[in-house]
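The next block holds one structure in the form of structure tokens; read it before the comments.
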Amino acid sequence: MADYTKEITKRRTFAIISHPDAGKTTLTEKFLLYGGAINLAGSVKGKATSRHAVSDWMEIEKERGISVTSSVLQFNYDGYCINILDTPGHQDFSEDTYRTLMAADSAVMVIDASKGVEAQTRKLFKVCAMRHIPIFTFINKLDRDANDTFDLLDDIEKELGIPTCPINWPIGSGKKFRGVYDRDTRKVLTFSDTMKGTKEGIGEEISVDEPRLDEVLDAEQKEQLLEEIELLDGASAEFDQDLVNEGKLSPVFFGSALTNFGVETFLEHFLKMTSSPLPRTADIGVIDPVKEEFSAFVFKIQANMNKNHRDRIAFMRICSGKFDASREVFHVQGNKKMRLSQPQQMMASDRHVVEEAYAGDIIGVFDPGIFAIGDTVCTPGKKYAYEGIPTFAPEHFARVRLMDSMKRKQFVKGVNQIAQEGAIQIFQEFMGGMEEIIVGVVGVLQFDVLKYRLENEYNVEIRLESLPYEHIRWIANKESVDIEKLTGTSDMKKVKDMRGNPLLLFVNAWSVGMTLDRNEGLELAEFSRN
Ligand code: G4P
């Protein structure tokens, strides 16, 4: 087997997670800037009124005509080949957002310095934490008035339960923002206004011991900085690469993506602190990305909304070896040798067909309806399967009413197919059958997708009645629990999923706790692995 070590070890595949508006798109854009994929002038952002309606990256693509895609973006920087995975937010937030995190080896968490940890960050963080992947924090918008730095770190530690290790430290914020202090080099990187990133910054590096620093900081700021450095050195967690690798310590950086400050420093540190594609666990054991031949798993399936083109695209994360479009692969779940059809990498202003790709890369292949989320493809002769992708807890629920009972058959078929693609989850009354169906989704837009697709593809009209449930739990120890005898709160509902697994729906978090209290030995889970 040929040696792909060099290609694979230079790859870094990560996702950027944030609450909408924290600056994910802006930071991504600045990364591209350093990768040379866009030029400085092109990075000025116009007010686009419709930009929240579509995937952010699609918008960048339209606005700037650069190499981005709605799923993955690849560029080179300083000898590295970087794959950034999009985690759609806003209205596009869905189970796919979570699934995408299954394909990443690490995550960058962007936090707005005046807001701290927000709802969507918390949700996405949980999924990253479940996989124990390294999480790096970029605290953004220091050019605006920010919360106290110690409070921000406290917030992360308390809200997310992960210790932090500041790699640099901000000096002031808003109008008084002067730069960041690098704890390792003991140098201050001074902030210079780049007019929203439209002109080159003229920041310089000044050692904290140099008198020249007094020209940048007033006496009060300098004193505060020195005090904070002392406090930090005594109190904060020390940098420990092993803990970072295990997702048990988050290195923290400060900056301002919009003004392009602190981004390059962040990128440089981040690339050194993250690893090349990580080994993944399959049913035969751990698969080494370099030593093993080609293998990949499907983490997302995108159905075409246009009924004239019912094709789907299956997105795969390559886990080991090299993908060669001219060679056959083996689809493990389908037990079939095949050639991946029209493998694409969504680079350049358009998708383009790829001939080869390596572990760490993402490819999208034409799917005639044979792939399911979590499926494995590998080199013919091998038959291992990667660990499945968990089912994530939906957050919105609705009862589905069929308008014309004569269409029952198409309805059941349609709902089942759409559920199999992973766009929605369906539940039934615990003791009932398909006569009453409850649909659960991670993002509300999926309700519209369901209605639209049932009407257009299956010719079935439905009405959705929204239900007040916000929390769902799988019963982790279903074998040892008598579901019928379970006593919960009055708002609790017992349902089952398509595989017959029992679940509980709750209106609020308090009811979850109450139900656990009332039923000794009951174990509830937020994800389902089967
Ligand atoms: P998102 O992808 O996480 O949703 O956030 P996005 O990058 O779109 O940024 C949200 C808003 O915050 C944008 O302003 C953006 O310009 C602004 N922003 C991002 N980073 C910084 C920063 O470091 N400092 C400041 N002051 N603002 C920042 P907008 O008004 O919503 O859009 P636009 O008119 O700038 O396009």
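Glycine is treated like the rest: Cβ placed from N, Cα and C.
Predicted automatically and left uncurated, TrEMBL annotations should be read as such.
Keep in mind that what you see is a predicted model, and the values were worked out from it rather than measured.
Annotation comment: TrEMBL describes 18-25, 86-90, 140-143 as GTP binding site. Around Leu142 (GTP binding site), taking its Cβ as the centre, 27 other Cβ atoms fall within 10 Å, counting all chains.
The domain 'Tr-type G' annotation in TrEMBL covers 9-278.
Asp21 (GTP binding site): 17 other CB atoms within 10 A of its CB, across all protein chains. When the binding-site residues Lys24, His90 are compared by the number of other CB atoms within 10 angstroms of each CB, His90 has the fewest. Selection of the binding-site residues Ser18, Asp21, Thr87, His90, Leu142 by a Cβ distance under 6 Å from ligand 1 yields, in sequence order, Ser18, Asp21. Model confidence over the domain 'Tr-type G' (9-278) stands at 84, taken as the mean pLDDT rounded to a whole number. There are 24 other CB atoms within 10 A of the CB of Thr87 (GTP binding site), with all protein chains counted. Counting every protein chain shown, the Cβ of Ser18 (GTP binding site) has 24 other Cβ atoms within 10 Å. Mapped onto three states, the DSSP output places Leu142 (GTP binding site) in coil.
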